[in-house]
């Protein structure tokens, strides 16, 4: 008898915890530490990008680590704030932490609902050109958003085109200290990334000195964000001690852990209370929450909807803004040799320790250094080659790509929605106008290239009638349905009308190559004059002649 397969435990942690090996512990600790050293400076930088006080980046960086340890199904994925998510949040909740926390709750609820209702297939309607247009535009938008911090400019508007105008107009106000430090940090980050990618992994046969040097290079490249921010902070502190400060600093960050409390569904204002309906701005927050929930799977490593939903809902109780899977930190996790999701516990603990004891040191971090961290993280997302690839492979796919890319410079959410709509229109057009091959002979052999659904019925009728009735003399028709795998009731009615119309002109319509599911539907409809045959040759003989294929 075949052995019955044991069902997987409902809680993902139970799939790996009972068989956890002590040999995995050092690797998980190392990976968690490496990801943590990347997470802390990025969290500060991404909060700045989201237009929130910097502590909210740290508040958003630990709950996902703990939740994913219990609910995560992939050992490499890490949850936390990302550049693209921060950009989405900034368009709704900039300078309003209460709105950002509410957005995390709404996003989590939408993700949970989609996970429990098995609606993940909706992500299949976000095409690759839309994703690439969105991420490429976001890369440019985010990078240019940080130019103001590199140059030390203040009061630059958030909207992209106004940003470009104001930055170029006020470029003469550039602070030399911020510019030099920001460009130096960018160069250092690029250099450390390149060195780490070029140096091969040391083999066990290498000498101890070689292995140690490789380890130092690997650590320097992996923790480059932390090293660059630490160096910039030491430089700023040195100037502070000397009595001058050429840099714009991060400033004070409240010390301690965030209180555990539910998100606020109303907001006190000087002239009264802002109710929940006003906070969501007539559905804007719900739409933004949906985009946030979709973005996590379309433009980042895809944790399950349930794990990311739980992380966002629980995160909102500790003042987190929406989080998602991070490409960069997931890559660090994988390259560090992580064995289980337990590495996230170390990362989360490191973030909590930073909140509890290190926030006073963050005062001296220059904003130009954080801007360099953000730019370094998002520049690789820009894919210039996708335009050339689509031009070569399928030019029509350039339409949703360009629509998404261009409109994302106006507002990111409008670009995504427009790109999805354009992709949907192209998809619906292909359904409404399927390819139809017509072979002429004594009878017409008509072969639809795909399934028949209601938008395509009129197109098929027009094609058949225009060719069959316009011929001299008019000809009967064989409809070869070998490529038709499904058909709906409206299409059946259209075929019934086609049968009647041909019969009024003394012509016949025969079907061949019907699949069982399609044949069952047509037989159930009890069409008058319906006849079907296994092949087009037999159908042609039944009509009194043979179709010529050409």
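Along the chain as shown, the residues are counted starting at 1.
Every residue, even glycine, has its Cβ placed from backbone N, Cα and C.
The stretch that TrEMBL tags with transmembrane segment, taken from the ranges 52-71, 72-91, is 52-71.
Checking the ranges 282-302, 303-323, 324-344, 345-365 against TrEMBL, the transmembrane segment annotation falls on 345-365. TrEMBL assigns the feature transmembrane segment to one of the listed ranges (190-214, 215-239, 240-264, 440-464), namely 215-239. Residues 34, 37-38, 40-42, 44, 181, 185, 188-189, 192-193, 195-197, 199, 202, 245-247, 249, 332, 335-336, 361-362, 364-366, 368-370, 372-373, 376 of the same chain, all 6+ positions outside the transmembrane segment (215-239), place their C-beta atoms under 8 angstroms from a C-beta of that stretch. Outside the transmembrane segment (21-40) by six or more residues, the chain places 58, 61, 78, 80, 219, 222-223, 225-226, 328-329, 332-333, 336-340, 342-347, 349-351, 354 with a CB less than 8 A from a CB of the stretch.
Sequence-distant contacts of the transmembrane segment (52-71), counting only residues of its own chain at least 6 positions beyond either end whose CB sits under 8 Å from a CB of the stretch, comprise 11-13, 39-40, 42-46, 77-81, 89, 93-95, 97, 100, 104, 250, 253-254, 258, 303-304, 306-308, 310-311, 314-315, 318-323, 341-342, 344-345, 347-349, 351-352, 354-355, 359, 362.
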